[in-house]
Amino acid sequence: MYNMVSLFIVAVLLLTYANVEGSDVTGGFPVNSNNCIYPCYSTQDEIQCEEFCEKLNGRLGYCRRDACYCEHLPESVKQITNSKTFDCSNGPWDLSTV
């Protein structure tokens, strides 16, 4: 019984540490000049999102809430950090509109 309790406590501590470590990752949804997000639904979109984020000097890109999300984007990149504020969706993935 003591071993089970000890294991549970260690697991909770590890999960808490992992959650705290992940909470300071900055990122956002890149937008074009019209504040439109880039849609992201499928595996192909996710690959495109990852490449797009790298071009924007972010480290990781993936689909989140049906939009392209980039982690570690520079502050100079226009982005939305609150996913509740999507106004429109951009069709083509075009860096010239960022």
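Residue numbering: from 1, along the chain as shown.
Cβ atoms here come from the backbone N, Cα and C positions, even for glycine.
Candidates considered were C70, C88; the recorded disulfide partner of C53 in Swiss-Prot is C70.
Disulfide pairing as given by Swiss-Prot: among C36, C63, C40 connects to C63. Here C53 (disulfide bond) is compared against the disulfide-bonded residues C63, C68, C88, and the shortest C-alpha distance is to C68. Long-range neighbours of C49 (disulfide bond) (same chain, six or more residues apart, CB within less than 8 Å of its CB): Y38, C40, G61, Y62, C63, C68, Y69, C70. Most buried of the disulfide-bonded residues C36, C40, C63, judged by other Cβ atoms within 10 Å, is C40.
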